[in-house]
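Some notes on the structure that comes next.
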Number of protein chains: 2
Amino acid sequence: MKVIRSIDNMKQTVRDYQNEKKQIGFVPTMGFLHAGHLQLMKEAKKENDVVVASIFVNPLQFGPNEDFEKYPRDEQKDSLLAENVGVDVLFIPTADEMYPNPMLIQMALKERVDVLCGRSRPGHFDGVLTVVTKLFHIIHPDKAYFGLKDAQQVAVIDALIRDLNFPIELVGLPTIREVDGLAKSSRNVNLTEQERKEATWIYQGLQTGQQLIRNGEQNPTKIINGVTKTLEQKVSGKIDYVELLSYPSLEPVTSINQQVILATAVYFKQARLIDNLLLDENGKIITRYN
Amino acid sequence: MKVIRSIDNMKQTVRDYQNEKKQIGFVPTMGFLHAGHLQLMKEAKKENDVVVASIFVNPLQFGPNEDFEKYPRDEQKDSLLAENVGVDVLFIPTADEMYPNPMLIQMALKERVDVLCGRSRPGHFDGVLTVVTKLFHIIHPDKAYFGLKDAQQVAVIDALIRDLNFPIELVGLPTIREVDGLAKSSRNVNLTEQERKEATWIYQGLQTGQQLIRNGEQNPTKIINGVTKTLEQKVSGKIDYVELLSYPSLEPVTSINQQVILATAVYFKQARLIDNLLLDENGKIITRYN
């Protein structure tokens, strides 16, 4: 596995792959890799000739009071893990390499961002749009892989690719979970022992809502209240939101007659955790988005 | 020469060229081609294996009171002209093809836009950024050619390519002029006979300013006043601006110790004309930007 740190070097490597007519799968990450990332890399390896993964904790998508500084990092372990699942190139640029000058270009999204995480993280998705656009131009993948744990991010990238005609196929893959159901996340290491125990109820809360839908409940408010009640009873962290929206348009629904997302975010002391279920109109989990 | 109207077809044609390892030169236009456009196409032909030109009057870059409707169009003549200079593919999408749905993604520029034409055309360059990004993704050129008559547009595209790491080389080529000095423009057909005679003084006014610089004048205000005085005496149209700025950063200068642009825009009854001189610190014209 090659580790590349400069944009010029990365672009040259991509040109070489293109000259060899190799199809490129791309997995952008912020590092501190877990089974969720590795699943994306494995799937990319299956579906493409070469896999490029990136590790970049993007300052542009963190708010001033967010956890940019304490976002966990372990480049050495990440390299081993990525190499083990067959990643061909690991692109690890510095912030100076990615943003040598203050950005003049600003990217924003009109819809899909004032809900869920976008509401409590103003500017977050503008930063995501910018860095993903830059990475897409540098790596020029045929397919790009994102985890559905960040389902709003997938919806945002979906709009980016469609609106701007990127010649890239978006693939969203399902959330990988711990044995007790907690969604794998790089931020889980920032939970206390007690919080870690409670955190399993985030998934169980969402499942309560799913069960209501499977039992025929059509009223979004009742489904949301079912989830909220479970969380309030079982979790000491502050609930940021519980929302039920159409997917990927992320608009309010009046009944469950389409693909929907049931999502929540909970603030613990040192970590804000998110989780969601992407469901079809029968309440069945959707396992691949593209 | 192929004429292509669908994005899918255009993307497939580009993939074929890439498979044949052909370098693509791209000339985006709004049609009603004149010698300025043809120069870009000829140069693109010299420097690349194939040339793709586009004709698209982009509604997104016209303000509500601007001349989108009366912007001149002549597809048949354009096709002949483009074919004659060796264009391989003419891409002519409809507005519905380019914007099948309202855009969710918004692109904007923080600097370089509140001066010159950007000041009197709010949102214009946001529309340019968006359509150029879309066209770049559809056509995936190695080099893209723009006329320096729209020097602010070149500065904006320069920021776009740099900030977002587009793997594209920008080439700006000099303004082509009528025998009497008037800059070639698709909008010149909307001048009355009398306005057409006066319009030659736009270039002569700019040359007055250039001559001051060549004579050692360092004070921007004096240079601007020299140009303004000539225009006021000779042209019945309303002067929108006369400005002297650094290039491509488009910031005010206190003396002529760097590359600068001396630019003007004049409102006639049915056409707003622009012209500029791109000058080095000695007042010499710069003939290629990249």
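Glycine is no exception: its Cβ is also placed from the backbone N, Cα and C atoms.
Note: TrEMBL annotation is automatic and uncurated.
The ATP binding site annotation in TrEMBL covers B:30-37, B:147-150, B:I176, B:184-187. As annotated by TrEMBL, active site, proton donor applies to B:H37. Under the heading beta-alanine binding site, TrEMBL lists B:Q61. Annotation source TrEMBL lists (R)-pantoate binding site at B:Q61, B:Q153.
Annotated features taken from TrEMBL, shown on the structure.
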| residue | record | DSSP (3 states) |
| --- | --- | --- |
| B:M30 | ATP binding site | coil |
| B:G36 | ATP binding site | helix |
| B:Q61 | beta-alanine binding site | helix |
| B:L148 | ATP binding site | helix |
| B:Q153 | (R)-pantoate binding site | helix |
| B:I176 | ATP binding site | coil |
| B:S186 | ATP binding site | helix |
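Cβ neighbours of B:L148 (ATP binding site) (same chain, under 8 Å, six or more residues apart in sequence): B:V154, B:G172, B:L173, B:P174, B:T175, B:N276, B:L278, B:Y289. If you check the recorded positions B:H37, B:Q61, B:Q153 against B:I176 (ATP binding site), the ones with a Cα inside 10 Å of its Cα are B:H37. Of all Cβ atoms in the shown protein chains, 21 besides its own fall within 10 Å of the Cβ of B:G36 (ATP binding site). Taking Cα separation as the measure, B:Q61 (beta-alanine binding site) is nearest to B:Q153 of the binding-site residues B:L33, B:G36, B:Q153, B:S186. Between the alpha carbons (Cα) of B:L33 (ATP binding site) and B:Q153 ((R)-pantoate binding site) lies a span of roughly 18 Å.
The number of other Cβ atoms within 10 Å of the Cβ belonging to B:S186 (ATP binding site), over all protein chains shown, comes to 20. Long-range Cβ contacts of B:H37 (active site, proton donor) within its own chain (separation 6+, distance under 8 Å): B:V27, B:T29, B:A53, B:L81, B:G147. The two recorded residues, B:M30 (ATP binding site) and B:Q153 ((R)-pantoate binding site), show a Cα separation of 13 Å.
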